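Chemist: A single structure is presented below for examination.
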């Protein structure tokens, strides 16, 4: 779920997806209850949809076709 804040400055490409991925990992049971690091929880498969969205956004920055279509993500 995207979280938009009007008073936040623009962070660059894929910043919204990156921020939401970080929040998802920090609020997951893996981090809160099991005490693991967000990196370990990401490798275990938590927040898969946001991880995939972040990957697609980063990949679209390298894709030559995206210059005309725009970046994927928000």
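Cβ atoms here come from the backbone N, Cα and C positions, even for glycine.
Source: prediction; values computed, not measured.
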Chemist: I'm validating the feature mapping. Which of 18-29, 30-41 is tagged motif 'Cx10C motif' in Swiss-Prot?
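Modeler: Comparing 18-29, 30-41 with Swiss-Prot, motif 'Cx10C motif' matches 30-41.
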Chemist: Given the ranges 3-13, 47-57, which one is assigned the annotation motif 'Cx9C motif' in Swiss-Prot?
Modeler: 47-57
Chemist: In angstrom units, rounded to an integer, how far apart are the Cα atoms of residue 47 (disulfide bond) and residue 37 (phosphoserine)?
Modeler: 14
Chemist: Treating G and I as helix alongside H, and B as strand alongside E, what does DSSP give for the domain 'CHCH' (27-65) in helix, strand and coil?
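Modeler: Helix (H, G, I), strand (E, B), coil: 26 helix, 0 strand, 13 coil.
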